[in-house]
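Colleague: To start, I am sharing the structure in question, which I have written as structure tokens.
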2 protein chains.
Amino acid sequence: MERVDNLAHERETAQFDVEAMKIVWAGSKHELDVSDRMARLVASDPVFHKDNRTMLARKELFKTTLKKAAHAWKRINELHLTEEEASKMRFFIDEPAYTDLHWGMFVPAIKGQGTEEQQQKWLPLAYKMQIIGCYAQTELGHGSNVQGLETTATFDPNTDEFIIHSPTLTSSKWWPGGLGKVSTHAVVYARLITEGKDYGIHGFIVQLRSLDDHSPLPGITVGDIGNKFGSGAYNTMDNGVLQFDHVRIPRDQLLMRLSQVTREGKYVQSDVPRQLLYSTMVYVRQTIVADASRALSRAACIATRYSAVRRQFGSQDGGPESAVINYKTQQNRLFPLIASAYAFRFVGEWLKSLYTDVTQRLQANDFSTLAEAHACTAGLKSLTTSFTADGIEECRKLCGGHGYLSSSGLPELFAVYIPACTYEGDNIVLLLQVARFLMKTVSQLTTGKKPVGTTAYMGNIEHLMQCRCTVNTADDWLNPSAIQEAFEARAVRMAVNCAQNVSKAPSQEEGFLNLSADLVEAAIAHCQLIVVTKFIEKVQQDIMGNGVKEQLQILCNIYALNLLHKHLGDFLVTGSITPKQGALVSEQLRSLYSKLRPNVVTLVDAFNYTDHYLGSVLGRYDGNVYPALYEQAWKDPLNESAVPEGYAEYIRPVLKQQLRLARL
Amino acid sequence: MERVDNLAHERETAQFDVEAMKIVWAGSKHELDVSDRMARLVASDPVFHKDNRTMLARKELFKTTLKKAAHAWKRINELHLTEEEASKMRFFIDEPAYTDLHWGMFVPAIKGQGTEEQQQKWLPLAYKMQIIGCYAQTELGHGSNVQGLETTATFDPNTDEFIIHSPTLTSSKWWPGGLGKVSTHAVVYARLITEGKDYGIHGFIVQLRSLDDHSPLPGITVGDIGNKFGSGAYNTMDNGVLQFDHVRIPRDQLLMRLSQVTREGKYVQSDVPRQLLYSTMVYVRQTIVADASRALSRAACIATRYSAVRRQFGSQDGGPESAVINYKTQQNRLFPLIASAYAFRFVGEWLKSLYTDVTQRLQANDFSTLAEAHACTAGLKSLTTSFTADGIEECRKLCGGHGYLSSSGLPELFAVYIPACTYEGDNIVLLLQVARFLMKTVSQLTTGKKPVGTTAYMGNIEHLMQCRCTVNTADDWLNPSAIQEAFEARAVRMAVNCAQNVSKAPSQEEGFLNLSADLVEAAIAHCQLIVVTKFIEKVQQDIMGNGVKEQLQILCNIYALNLLHKHLGDFLVTGSITPKQGALVSEQLRSLYSKLRPNVVTLVDAFNYTDHYLGSVLGRYDGNVYPALYEQAWKDPLNESAVPEGYAEYIRPVLKQQLRLARL
Ligand SMILES: Cc1cc2nc3c(=O)[nH]c(=O)nc-3n(C[C@H](O)[C@H](O)[C@H](O)COP(=O)(O)OP(=O)(O)OC[C@H]3O[C@@H](n4cnc5c(N)ncnc54)[C@H](O)[C@@H]3O)c2cc1C
Ligand SMILES: Cc1cc2nc3c(=O)[nH]c(=O)nc-3n(C[C@H](O)[C@H](O)[C@H](O)COP(=O)(O)OP(=O)(O)OC[C@H]3O[C@@H](n4cnc5c(N)ncnc54)[C@H](O)[C@@H]3O)c2cc1C
Ligand SMILES: [Ca+2]
């Protein structure tokens with residue numbers, strides 16, 4: 001294919017230093033270097049090619065995943081990669097695999113819930129991958145409600161063992177990634193029963209398969225749960241089903257950091273505070289927010305580049321048509337997605353520091369910020385993943401018909417991303433948790449208890465309940481404090497409003513259930529405020545590089561004002577702004593889009609994604625999309641012959657009116 | 001599997017006659033009968049089974065589609081099915097196939113654009129499927145902008161032929177369904193050039209493949225454009241690429257109803273009015289709106305039944321947990337989708353009558369309503385398909401984790417549905433057309449020209465610009481005229497507002513381009529008003545059956561008030577309602593959801609979908625989902641062996657630390 005840069009003219013108009021922006025996006029020069037090296041390493045290795053992924057049948061697809069995972073592990077060892085490098089490498093391989101669960105759930109579960117002794121026994125095996133593990137919590141009948149799980153682990157004092165059992169069909173473990181075909185071990189969540197009493201859900205290390213020949217151990221039924229959304233996507237993962245028929249494991253495979261069962265069968269709580277478990281949750285959700293910014297930026301990168309290449313209408317005097325990125329409707333749909341990718345990146349960065357903070361406090365037995373941190377991470381997980389899922393699909397639509405081709409990369413990105421809205425907490429269930437926390441915070445305001453962290457603004461309730469937005473001109477909306485105050489007023493007023501309505505019900509619980517749709521909206525308002533605040537704070541920091549800060553300022557304003565416009569009803573109904581001020585938002589947005597326009601292609605270049613990682617003919621760095629689309633098409637297996645298989649049996653008899661005779 | 005009805009208790013609580021509602025949904029007793037017979041015919045025929053569709057690799061998948069299409073054609077002939085029956089049959093087979101384009105685009109194009117003589121020559125061949133045709137308009141470089149197509153058809157007076165040619169890569173035809181592997185003929189759109197002059201885009205009948213052995217004719221390069229979204233979905237269709245290298249066709253294969261080229265090469269317009277072409281467009285878009293209600297109702301049916309089966313949380317005193325359909329957040333997401341399915345059904349029904357009306361007027365040379373009908377169908381196509389695409393994905397999320405399995409039916413329904421947002425006019429491009437029409441209508445108001453049809457309300461502009469909504473209590477929102485007026489006021493005010501802002505720009509065109517994001521919102525407001533109005537009108541008709549009208553009334557209110565809540569910003573910013581009235585909307589919605597609750601399962605039963613058509617283990621009529629999920633899982637090819645292919649090469653060496661030696 002010709003070597004050209006069809007986007008050179010777009011790159012020339014950028015008003016900032018793209019290399020400096022790359023560092024801001026990556027987090028640091030070091031992180032950029034690691035990312036860059038790992039991305040290139042993966043891209044240059046033929047084993048990691050993924051062009052034909054969507055064309056493979058499930059078995060073949062799965063086998064290539066096993067191959068990639070083994071090859072990655074080999075390279076990680078050969079090159080003595082650090083943990084940071086190895087995890088980046090897995091990221092750029094860009095394919096769900098059992099290793100995600102092994103490293104991301106199995107190992108952390110043992111670290112978090114195992115005793116020192118258990119960690120010493122199991123972790124070295126896991127680190128060397130002498131055992132491969134997964135995380136088996138969800139069952140056919142229960143996901144969100146973990147307390148409702150039905151698998152039992154009954155202690156048998158005669159043999160000093162737990163008997164793991166699936167008493168019903170719905171108690172079958174269902175969904176755990178890596179379980180279906182690969183894992184030798186699992187952390188299994190089951191109801192601990194001893195001395196006839198049910199002590200609720202606990203984690204157990206259970207071996208599932210023989211280490212000799214990989215066959216399921218006696219009493220264990222295990223398999224894959226079948227095809228999922230998309231053609232490649234999550235089908236590279238062996239999400240599994242698992243049933244136990246009275247499987248016995250030694251007593252010391254109960255994860256015992258928080259509670260133990262004695263040789264005699266006594267259930268004993270340890271003196272380790274249960275709250276310690278929360279830090280893992282904060283950690284995992286922080287990674288999900290980081291993933292959201294990656295997925296959204298990736299989709300936005302594809303849609304932006306293609307929108308700058310794609311020309312449609314608007315030719316004047318026989319000249320070239322207009323690139324569709326020049327249409328205001330396209331900008332109005334696309335630019336907020338770019339801004340949101342940056343917003344999520346920065347709130348994710350901040351969440352990482354929150355995790356450190358929470359961990360340190362926990363170690364010092366300070367639980368004062370825990371509930372707030374928990375609510376905040378739950379809310380941000382929900383907000384960013386829901387928005388990203390919709391944003392990816394919007395990017396696909398922004399690419400017109402060609403976005404529907406697998407070779408655009410967007411269908412598979414959508415299919416592989418959307419489970420993030422469901423796992424680690426269904427997004428609505430999470431928002432309801434945030435709402436509960438907000439209601440509690442509001443109710444405590446009168447008792448003088450100071451709200452902390454991301455709810456601190458609520459301490460300012462008296463001002464926020466009656467303040468009036470002072471915006472007079474469209475440019476006044478460029479003032480971060482005006483934005484901030486409007487978002488704070490809206491959030492606090494929605495929360496207070498809900499609290500008042502809830503309190504009218506016969507009981508608090510009844511009120512909460514009845515008003516839960518409104519409560520979810522209040523929770524969203526609160527979470528959007530957090531993202532807006534963190535973006536504003538980021539832009540107020542020192543930022544290196546020519547023009548970088550100016551671009552981030554524009555993105556920050558686009559992010560906030562687009563939200564304001566989308567949720568105008570909230571702002572107006574709570575009187576946080578006036579209709580006239582609302583109209584000024586649209587005006588300012590138009591002007592911000594024009595300012596951003598010359599920079600957009602370079603702003604997505606700053607994500608520093610390789611063509612391999614993007615996996616999209618439409619998102620190519622060089623914008624040379626048409627020859628690439630054309631080339632890719634001919635690789636489809638249907639094109640192996642000009643006349644398709646089935647012609648003789650199913651097409652010719654139709655054309656020749658010989659169907660009556662044919663046996664189909 | 002056990003024979004049970006897990007949803008019997010839900011069906012007992014219904015407050016209306018489901019059989020009567022089935023007739024309302026189907027349109028008439030006759031249509032219900034035809035549907036019912038065809039659905040059962042398809043469901044009972046093993047050739048039409050579709051359980052394993054998502055597990056097949058592309059070639060195999062495509063071959064089964066060929067088989068189904070041939071078998072359908074055989075059955076249609078054997079059973080002497082009417083056109084109505086045949087089309088229903090194809091609908092219930094539920095699989096995109098070349099026949100869709102043959103019957104849906106190729107035949108209508110010849111009917112609409114061919115002369116009597118051409119119709120007599122080509123239609124009998126097409127009706128018997130002695131030739132199979134497709135509709136080849138879109139090119140690699142141009143979709144929305146049809147005037148930008150690059151394929152040329154140059155008349156050669158020496159041989160009395162057109163020379164069809166693809167002068168550039170981007171002029172390759174790209175996307176036509178049925179083109180890639182099956183069609184023997186196509187209606188090809190190309191620039192007609194004669195006597196050195198380019199007369200713009202015209203349709204030509206071009207033979208592509210030999211009728212003897214199906215090989216592409218000389219000068220023709222044709223193939224499939226490759227994998228698309230989803231694993232089954234549109235991959236059963238051979239969307240194709242096509243290039244011409246100076247392919248010659250007889251002059252009389254120009255479709256000549258509107259214009260001809262004489263033997264000498266003179267371009268001549270016929271006296272048939274060009275506007276006649278519009279009636280086809282109205283027809284096609286009306287079918288798309290009908291399809292939207294079918295797709296949305298199907299997704300809503302699955303999510304509703306599963307939500308009534310799925311229990312999570314809320315167990316009291318050890319009793320069963322609550323069905324998730326009882327949660328207000330679930331209701332708030334799901335019930336408006338059921339209401340929208342009904343709304344789209346009725347607006348689709350009305351569009352059918354609009355089509356008849358337009359056709360009759362055209363035949364009488366009355367073009368007065370054409371522009372309005374055109375804008376109306378464009379807008380409704382855009383509105384209903386965008387909403388349906390999002391609605392299907394929302395239904396999937398409403399099913400939690402299990403919605404992500406292909407066996408839920410929802411991933412494939414989404415993947416197969418979403419192109420409706422792009423084909424037959426990109427939804428944003430269509431809304432911009434509506435906006436142009438609205439701006440014109442507004443500008444003509446002062447000239448005294450009476451707006452017609454769905455814009456008639458604009459004639460009432462003086463009242464609508466200053467009226468105040470009189471709603472005082474939540475129950476006042478049950479009044480259809482209050483709803484209607486609020487939607488009219490909002491629509492008119494947004495349109496007028498846009499018109500004023502547009503007029504401030506240096507030129508009308510510049511203003512339009514600049515404000516196009518706002519204009520799209522105004523267009524949406526107008527289109528939502530149409531749907532609301534048609535639903536209100538429907539409910540005001542005589543409707544048979546116990547309790548049927550009452551349920552439709554509730555659905556109508558839910559449809560309108562949910563929109564009002566979602567777009568509250570519009571209503572407030574235009575002063576169409578007050579913040580207090582906005583808050584009453586939420587209150588009324590809660591009460592409407594409670595009223596609907598006992599009826600929802602039966603309301604989706606009224607769609608009369610067979611389990612075969614639904615194709616969803618979660619949407620089963622009997623609600624017996626868990627055994628079905630479990631059974632389906634084991635059918636995955638990955639479960640053919642307990643130890644997966646690739647174990648020896650890629651898993652064992654990892655576990656046994658033998659990777660260094662392995663050659664991957
Ligand atoms: C790709 C993928 C990978 C996964 N990997 C793993 C894994 O490795 N290990 C593992 O253990 N699990 C895994 N899971 C399971 C996942 O964690 C669960 O699917 C998730 O927790 C959601 O639970 P659910 O499916 O039971 O949803 P449900 O709770 O059944 O949700 C159904 C609907 O009910 C609503 N709802 C539920 N409760 C309430 C309530 N109280 N109030 C209001 N509405 C409510 C939800 O909002 C949703 O709309 C995975 C899932 C997927 C899709
Ligand atoms: C499954 C499928 C089946 C199809 N079947 C057929 C078929 O049988 N025959 C056939 O001929 N074609 C077919 N098509 C092609 C289809 O008709 C085109 O894809 C469609 O018309 C959209 O055009 P496009 O792809 O050029 O989008 P583009 O116009 O390139 O759209 C890209 C983006 O630009 C925006 N945009 C474009 N113009 C403007 C404007 N003036 N103002 C503002 N924004 C603008 C759009 O909103 C969109 O966001 C099919 C497509 C699909 C996906
Ligand atoms: Ca496949």
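A Cβ is built for glycine as well, from the same backbone N, Cα and C atoms used for every other residue.
So TrEMBL lists these for the protein:
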type	residues	note
DOMAIN	B:17-132	domain 'Acyl-coenzyme A oxidase N-terminal'
DOMAIN	B:134-245	domain 'Acyl-CoA oxidase/dehydrogenase middle'
BINDING	B:Thr138, B:Gly177	FAD binding site
DOMAIN	B:278-439	domain 'Acyl-CoA oxidase C-alpha1'
ACT_SITE	B:Glu424	active site, proton acceptor
DOMAIN	B:479-656	domain 'Acyl-CoA oxidase C-terminal'
Colleague: In whole Å, note down how far the CA of B:Gly177 (FAD binding site) lies from the CA of the residue listed as 'active site, proton acceptor'.
Modeller: 13
Colleague: When you measure from the Cβ of B:Gly177 (FAD binding site), how many other Cβ atoms are you left with inside 10 Å?
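Modeller: Here the count is 26.
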Colleague: Write out the long-range same-chain contacts of B:Thr138 (FAD binding site), meaning residues 6 or more apart in sequence whose Cβ is under 8 Å from its Cβ.
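Modeller: Sequence-distant Cβ neighbours: B:Lys173, B:Trp174, B:Trp175, B:Pro176.
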Colleague: So if the criterion is CB under 8 Å to a CB of chain A, which of the recorded positions B:Thr138, B:Gly177, B:Glu424 qualify?
Modeller: B:Thr138
Colleague: Using DSSP, break the domain 'Acyl-CoA oxidase/dehydrogenase middle' (B:134-245) down into helix, strand and coil residues and give each count.
Modeller: 10 helix, 50 strand, 52 coil
Colleague: Provide the number of Cβ atoms within 10 Å of the Cβ of B:Glu424 (active site, proton acceptor), excluding the reference atom itself.
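Modeller: Taking every protein chain into account, the count is 20.
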Colleague: Determine the mean pLDDT over the domain 'Acyl-CoA oxidase C-terminal' (B:479-656), rounding to the nearest whole number.
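Modeller: Result for the domain 'Acyl-CoA oxidase C-terminal' (B:479-656): average pLDDT 97.
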Colleague: State the three-class DSSP label for B:Glu424 (active site, proton acceptor), counting H, G and I as helix, E and B as strand, and everything else as coil.
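Modeller: It is coil.
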